[in-house]
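Visitor: This structure is in C-alpha cells; I'll ask about it shortly.
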Amino acid sequence: LLFYTLFASLPLLLGIMFINNFLKSLIMYNFYLIIFNELLYYSLIMAFLVKMPMFLVHLWLPKAHVEAPVSGSMILAAILLKLGGYGLLRVFMFLIKFKNLNLFFMLLSILGGVLISLNCLRQLDLKMLIAYSSVAHMGLVLGGLFSLT
C-alpha cells in the first residue's frame, strides 16, 4: 500500500514542482500557458488513477479492505476512493489536451470494470467483494470521466 502511494505520488509532486517553477504560481487558471507533454500528463494523473483505483493499479485495495475493520472498509469504499476522481476533475484541462491518450484510459477502465465485475461473481469473502465492486464501479466512473462529456 505504501509503495503504490509512494511510486504514484512522487511523479505528481515532481509535476507540481515543474508547474510551479515554470509559472511561478499554482493558480489553475494559468495552466493553459504550459506547453504540455505526455510525461507531465502521466505524472499528474497517475497518482489519482492509483487512488481512484483503476484496473491494473488496484491491487492495494483488496488488501486494505481485508486488513481494515468493517467501519474502516466502509469509509474507504464510500469516501476515500472518490478523492482520486476529485483530483482528476481538478486537473481536467490536462485531460482535454490529450484526447488520444484518454481513449486508451477510457477503454482500459471500462474493460477492467467488466473483468472485475466477473471476478465479483466468484468472491466468497464479503470484504473482498466490496473491494472488487469498488474497483468495478470506479472503472465505469473513469470511463465516463475520460470520455470528456
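Placement of Cβ uses the backbone N, Cα and C atoms for every residue, glycine included.
TrEMBL does not curate its annotations; it predicts them automatically.
According to TrEMBL:
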type	residues	note
DOMAIN	2-147	domain 'NADH:quinone oxidoreductase/Mrp antiporter transmembrane'
TRANSMEM	6-27	transmembrane segment
TRANSMEM	39-61	transmembrane segment
TRANSMEM	73-96	transmembrane segment
TRANSMEM	103-124	transmembrane segment
TRANSMEM	130-148	transmembrane segment
Visitor: Could you check whether the transmembrane segment (73-96) and the transmembrane segment (103-124) come into contact, where contact means at least 3 Cβ pairs under 8 Å with the two residues of each pair 6 or more apart in sequence?
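Guide: No, the transmembrane segment (73-96) does not contact the transmembrane segment (103-124).
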Visitor: Quick one: DSSP breakdown of the domain 'NADH:quinone oxidoreductase/Mrp antiporter transmembrane' (2-147) into helix, strand and coil?
Guide: 119 helix, 0 strand, 27 coil
Visitor: Determine which residues of the chain contact the transmembrane segment (130-148) at the Cβ level, with the cut-off under 8 Å and only residues 6 or more beyond its ends counted.
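Guide: For the transmembrane segment (130-148), the sequence-distant neighbours (Cβ-Cβ under 8 Å, at least 6 residues beyond its ends) are 49, 52-55, 58, 61-62, 64-66, 73, 77, 81, 84-85, 88-89, 95-96, 99, 102-103, 105-107, 109-110, 112-114, 116-117, 119-120, 123.
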